[in-house]
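The structure under discussion appears below in the form of structure tokens.
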Amino acid sequence: MAQRRVPTAAPVRRPLVLAAAGLAAAALTVALPATPAGAAGPEQVVNGTFDDGLTGWNAYPTAAVVDGRGCVDVPAGTGAYGAAIEQKIPMVEGETYAFSATILSEPATAANIRIVIQGGPDINYAEFLTARKVPLTPEPRAVTATFTADRDYAQANLTFQQDITNDAAYRFCVDDVSVTGGAEPEVYRPDIHSAVRVNQVGYLPDGTKEATIVTDATEPQRWLLRNADGTVVRRGTTRPEGVEDSAGVAVHVADFSAYRTPGRGYTLSVGDQTSFPFDIASDLYAGLRTDSKTFYYTNRSGIAIDDALAPGYGRRAGHVGVAPNRGDTAVPCLPLGDDKQRLYATPWTCSGTHDVTGGWYDAGDMGKYVVNGGISVAQLMQEFERTRTGAADPAAYADGTLSIPEAGNGVPDLLDEVRWELDWMLRMQVPAGEQYAGMAYHKVADADWTGLPLLPADDPQPRVLHRPSTAATLNLAAAAAQGARLFRPYDAAFADRLLAAARSSYAAAERTPDLLEPAADPALDPNPGSGPYEDDDVSDEFYWAAAELYLTTGDARYRTAVLASPHHTSRDLADGFWWQDVAGMGRLDLATVDSRLPGRKAVQRSVLRAADSLLRTERDEPFGQPYDPADGDWVWGSNSAVLNNLQVVGTAYDLSGKRRYADGVASGMDYLLGRNALDRSYVTGYGDVSSHQQHSRWYAHSLDPRLPSPPDGTVAGGPNSTATSTGDPVAAANLAGCVDQFCYIDEIGSWSTNEITVNWNAPLSWVSGFLAGYEGTGPGRS
Ligand code: 9MR
């Protein structure tokens with residue numbers, strides 16, 4: 001399994017402060033030509049020769065391997081610390097290290113590159129070059145130094161960074177970077193129980209039952225299915241599949257679908273390898289249908305979480321204007337001149353302050369983002385809307401089905417949870433009289449990143465509102481329009497407010513169709529304090545919002561917009577949908593929600609076609625996941641891609657009643673619940689080994705035992721092929737060279753593989769709701 005411990009990379013979040021005391025002596029030599037010093041002890045730098053691309057390195061603003069060296073392109077006018085290439089290495093107190101590297105620039109530049117090995121804002125193990133102002137030229141120079149670490153630091157940052165603002169653009173390149181000495185690097189190996197991978201929760205009695213076995217055997221192997229007593233109840237032989245691309249390991253598949261007897265505690269064995277125990281039962285998902293929604297309550301902002309309702313999760317209200325919080329009752333807009341303003345081509349601000357209390361925190365951070373909130377709340381509404389289209393049993397969603405403060409108010413609980421977010425989204429609409437009135441602020445978030453752990457009520461950062469965006473505005477329009485039709489029977493006044501906001505925000509987006517949220521740029525904004533949720537194409541948001549407005553109002557102008565959109569007929573649904581590409585959200589609702597849309601049958605057929613294509617992917621993939629990214633890279637939050645795809649397959653069942661689709665939803669879940677390269681369940685509390693150290697500031701049990709782990713039913717982001725180059729320090733330290741499915745680690749610091757997010761739990765909620773309902777009615781009933 002291609003995993004070894006490597007040094008890491010993390011963006012420098014703020015200018016470095018030099019240590020006043022406690023520095024170990026550093027001896028420096030600068031030599032020509034390159035003669036790196038050989039030193040005893042293990043190598044601490046990974047891929048210092050750049051033979052493996054930029055693996056293990058983090059660099060900004062832009063980097064590439066050129067002529068076998070790691071190179072950073074520095075635009076003219078880049079400030080100090082705005083350009084760097086770096087990775088993390090462990091430092092051990094009292095150990096002497098030898099550093100060597102070569103460095104050059106093209107063309108020659110007067111700018112300085114500072115080289116430092118730093119263990120935090122006030123621990124510098126070695127610093128050199130800065131004082132010497134060694135000229136950088138196209139001729140490679142060797143730099144060597146020895147130093148002794150004066151204290152331990154597991155993840156010291158070795159960085160080559162620009163030290164002063166440069167007048168002219170240049171490129172600097174480093175090569176043969178080496179730090180020898182200290183302890184042998186630890187090797188991270190995922191904790192794998194068995195070569196036999198199963199859904200650790202279980203299989204539906206009449207459904208597909210497959211396991212994946214990791215083995216180099218070329219011949220079919222015998223498998224044995226045992227019941228809880230150890231009695232062999234079925235036997236068969238595996239199907240060799242060769243090396244599986246997304247894991248880089250050779251696998252076989254065992255198919256035991258023909259065995260249908262319900263029971264608990266079955267195991268599957270191949271040779272001396274035995275799977276985790278699993279059930280064959282038709283009550284596997286009712287618990288998850290409920291638990292997957294708990295995360296929304298415990299992630300609420302602006303309300304104290306009641307420990308009686310969510311035992312272990314009680315906490316003070318976050319962001320209700322009580323110190324040390326500095327929001328969200330009266331939040332100013334981004335100050336002019338702020339680093340973050342530099343991301344916008346034209347500066348923007350607004351007057352006064354705004355009450356933006358409520359809503360859900362996005363994830364393990366305390367940002368609240370209209371873009372991501374929109375798709376999340378809409379997917380929960382899609383789940384509820386199945387009770388309207390006849391696909392789901394209203395009793396399963398009735399008032400009193402969730403443990404939330406509003407239970408018992410006569411409104412279905414899932415809608416109560418949804419309202420917590422929708423109320424906040426309404427507050428994010430720019431009021432009349434302001435620039436961009438009617439649009440939605442893109443986000444409200446901390447000015448700078450906070451550390452972990454931190455309870456929301458203890459967040460000391462100033463909160464700021466960010467410039468409105470067309471994408472956020474259309475998320476508000478879509479979600480509010482959908483909410484208007486669902487809340488109508490329970491609260492007509494609220495439905496009216498939602499519809500008015502939907503119409504006005506859609507109109508505002510039409511007036512300003514191109515206010516695009518920029519991507520992050522560490523050179524301009526080294527400490528963003530929140531995620532970007534950038535988007536440079538909002539045609540899909542226009543389609544989704546028009547679709548929801550049409551379904552709610554039937555108005556001809558929204559129908560025209562739907563029919564004219566290229567997204568209406570494109571065949572991209574099988575490629576999934578996600579927060580940045582929401583066309584699929586519109587397509588699914590146009591297919592399922594009753595309307596007089598011309599050509600609605602074709603829309604429905606497109607959903608079935610996409611589902612058939614996803615079923616083919618499940619069949620072709622030896623781990624059975626309905627996910628096979630075209631470029632081969634597993635995305636950030638890949639588990640949500642799997643789940644969104646399963647929602648498409650489940651919707652095909654809702655439309656057709658064809659059992660193969662429901663079966664495909666169940667077998668797709670096998671991947672998330674244990675039939676995968678890492679032999680783990682990604683859903684907290686489900687399966688024998690499940691993710692529970694997800695990245696969060698307040699479900700931070702692994703950092704502070706007084707805090708809880710995430711609630712049961714919370715899905716981790718999952719494998720992220722590019723995790724080691726995101727700046728995620730834990731991924732870079734442990735996952736270098738990982739093959740897609742192995743690019744995951746259940747550690748709280750791994751924000752690029754192991755975060756939890758409202759938009760990832762929403763499809764988990766939909767899918768578990770689907771499966772719980774299917775268990776109750778489908779042929780899988782025992
Ligand atoms: O889910 C988002 C993913 O698609 C992006 O690639 C990534 C980087 O921009 O950001 C993810 O969203 C994070 C957001 O920016 C901040 N809150 C936590 C989200 C999950 O990691």
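Numbering starts at 1 and runs along the chain as it is shown here.
Any Cβ shown, glycine's included, is placed from N, Cα and C.
Listed in TrEMBL:
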- 1-39: signal peptide (SIGNAL)
- 44-161: domain 'CBM-cenC' (DOMAIN)
- 194-275: domain 'Cellulase Ig-like' (DOMAIN)
- H695: active site (ACT_SITE)
- 702-726: region 'Disordered' (REGION)
- D746: active site (ACT_SITE)
- E755: active site (ACT_SITE)
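Recorded residues D746 (active site) and H695 (active site) have their alpha carbons 9 Å apart, per Cα-Cα distance.
Taking each of the active-site residues D746, E755 in turn and counting other Cβ atoms within 10 Å of its Cβ gives the largest count for E755.
Reduced to three states, the DSSP call for E755 (active site) is strand. Here the domain 'CBM-cenC' (44-161) has, by DSSP, the following mix of helix, strand and coil residues: 0 helix, 63 strand, 55 coil.
Regional average pLDDT for the domain 'Cellulase Ig-like' (194-275) in the model is 98. DSSP assigns D746 (active site) to coil in the three-state reduction, outside any helix or strand. The separation of E755 (active site) from H695 (active site), Cα to Cα, is 4 Å.
When secondary structure is read from DSSP and collapsed to three states, H695 (active site) falls in the strand class.
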